[in-house]
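Okay, so here's the structure we're looking at.
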């Protein structure tokens, strides 16, 4: 096992409990922390979620059952964690929390390796104050109340934990923010035959300690205990991986196809950047066909490029690989693709109308992107009323694709120019009214 000497740490740390038997997942043939959901093992997903949620301190992974395999996976994948072996793990996961504490800073998160959360839930937890904070969900969507630990709440505090509470107000979401000095007082409660994390929580309440409730209020999360849970968890992850800024074409048409493509890409070595390049290549090929007068085939490839353009973001969000650098890379390729498609359609049409409509169409496409980028750089997030119909790339590409498929390139270019320039003008007028 790796070196276990205590070192100095900055910020909030985390203990990831990964020592249990995972008996109902044994048919998968690997330790539970190494079961895969949407392209990542449960352990990788937990570590990436914590980091993406803003956790900066050391992450301690506590192993027990088949611990050498889990530790080897951490090393092979280059996970930035400290692995700590807990020989006492058969007594319960409470012993894993105690085993991790001496390697952790004063405030730390306790995360279950078999619970899947979004980074936003971690951010919400880290904003809470208290010696013991529990993430709870009063409006669970994915988690099974028959499997999860239930909680009873009073005045924003958890007053009771239990699997079989007849009356309860929410579910324990398996994510906690704790104070190490406070929990050290519970070591004296650790001498029994069994010591689960629920036992420690109840001991904390019995000692007069308060458990602050951090309500996730319907945020997507679930716990994974069975092969069926693995499948349901992947559906959940793909559901939240869709962009929240979809236009109507993406929302009602493209996502239904891109999600199926992304599902097949999750366990491949393809990166989101490579998928961005694939989308650009399809757009460039479609533009070339449009310029050569092959309008129907070119239009079909333009729409396919639009569908694949959604896969890079889905893949990045599902694998927790999103980054500002990747967003800039994708946006730059998109602008080049737009210019090629509009130019190709204008050239391939061979009419004065299409040639004349090419410039305003290209200007409108670029201005929609440019005004949004400048707005958000100077003023923060653009209000959703300025990112609707005509201001989304999916609509623009659908109009251009239809122009090729229906043999109406001039009309498609005129519509694209009108939509884009009208939206850019609307944004400018809104800014002017805001200054006056």
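Backbone N, Cα and C atoms are what each Cβ position is placed from, and that goes for glycine too.
Since the structure is predicted, the reported quantities are computational estimates derived from the model, not experimental observations.
According to Swiss-Prot, the feature region 'MobA-like NTP transferase' maps to 11-241. If you look up Swiss-Prot, you'll see 17, 18, 19, 32 marked as CTP binding site. Annotated region 'CDP-alcohol phosphatidyltransferases' per Swiss-Prot: 242-435, in sequence order. Annotation comment: Swiss-Prot describes 275-295, 349-371, 397-417 as transmembrane segment.
Annotation for residue 17 (CTP binding site): same-chain Cβ neighbours under 8 Å, separated by at least 6 residues, are 62, 93, 96, 97, 110, 111, 112, 113, 197. Excluding 17, 18, 19, 32, which define the CTP site, the same chain contributes 16, 20, 22, 33, 61, 62, 63, 64, 65, 70, 89, 93, 96, 112, 113, 114 within 8 Å (Cβ to the Cβ centroid), listed in sequence order. When other Cβ atoms within 10 Å of the Cβ of residue 19 (CTP binding site) are tallied across all protein chains shown, the result is 31. Neighbour density around each Cβ, counted as other Cβ atoms within 10 Å, peaks among the binding-site residues 18, 32 at 18.
In this entry, CTP is bound by 17, 18, 19, 32, whose most widely separated C-alpha atoms sit 11 angstrom apart.
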